[in-house]
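Engineer: Structure incoming, see below.
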Amino acid sequence: MARTKQTARKSTGGKAPRKQLASKAARKAAPATGGVKKPHRYRPPTVALREIRRYQKSTELLIRKLPFQRLVREIAQDFKTDLRFQSSAIGALQEAVEAYLVSLFEDTNLCAIHGKRVTIQPKDMQLARRLRGERS
C-alpha cells in the first residue's frame, strides 16, 4: 500500500478529550509484554554461513577424541578381541576418517546443488558414493 501525505485539518468543534485516570495511564504506559526484551536471533542462513567459514578456517579435529576411540575399539572387537592401539594409531585413524567425511559431504553438497536444492538428502550421499565407485 502506498503512503500518502498527511495534511493538517481544522477541528470541527468536537468534544474535548477527557483526562484519564492515573491507574489507566499507568497501565497504558507499561508495555503489554511485561518489559521483557526478546534475545536477538540471527536468521538461519547467517548462522550456517558463519559456521562454514569457522570450520573451513580451523584445523582441529571435529569429532571428540574419547567417543571416537570407544567407537574404534568397539568395531575392532568384532574382528579380534584384546586388540591394543597406540594413541598415534587412533589419531591417524581419526584424521583419515574426518578427511573422508569432509570430502564426502562436499560431494554430497554438489549433488544437492545439481538437483537445484540447498538441503542435502540421503539420495545425494548415495549418488556421491556411487559416482566415487564405493557402492554399486
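In case you wondered, yes, glycine gets a Cβ from its N, Cα and C as well.
Copied straight from Swiss-Prot:
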COMPBIAS  19-32  compositional bias 'Low complexity'
MOD_RES   K5  N6-methyllysine
MOD_RES   K10  N6-methyllysine
MOD_RES   S11  phosphoserine
MOD_RES   K19  N6-methyllysine
MOD_RES   K28  N6,N6-dimethyllysine
MOD_RES   K37  N6-methyllysine
MOD_RES   K37  N6,N6,N6-trimethyllysine
MOD_RES   K57  N6-acetyllysine
MOD_RES   K65  N6-acetyllysine
MOD_RES   K80  N6,N6-dimethyllysine
MOD_RES   K80  N6-methyllysine
MOD_RES   K80  N6,N6,N6-trimethyllysine
REGION    1-45  region 'Disordered'
Engineer: Just name the most isolated of the modified residues K5, K37, K65, going by other Cβ atoms within 10 Å of its Cβ.
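Structural biologist: It is K5 that, of the modified residues K5, K37, K65, has the fewest other Cβ atoms within 10 Å.
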Engineer: Which whole-number value in Å describes the distance between the Cα atoms of K5 (N6-methyllysine) and K37 (N6-methyllysine)?
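Structural biologist: Here the two Cα atoms lie 33 Å apart.
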Engineer: Would you kindly give the Cα-Cα distance separating K57 (N6-acetyllysine) and K37 (N6-methyllysine), rounded to the nearest Å?
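Structural biologist: Approximately 34 Å lies between the Cα of K37 (N6-methyllysine) and that of K57 (N6-acetyllysine).
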Engineer: Who sits close to K57 (N6-acetyllysine): which same-chain residues at least 6 apart have their Cβ under 8 Å from its Cβ?
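Structural biologist: Non-local contacts for K57 (N6-acetyllysine): none found.
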Engineer: Whole-number Å only: compute the distance from the Cα of K80 (N6,N6-dimethyllysine) to the Cα of K65 (N6-acetyllysine).
Structural biologist: 22
Engineer: Report, as a single number, how many Cβ atoms besides its own are within 10 Å of the Cβ of K80 (N6,N6-dimethyllysine).
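Structural biologist: K80 (N6,N6-dimethyllysine) is surrounded by 7 other Cβ atoms within 10 Å.
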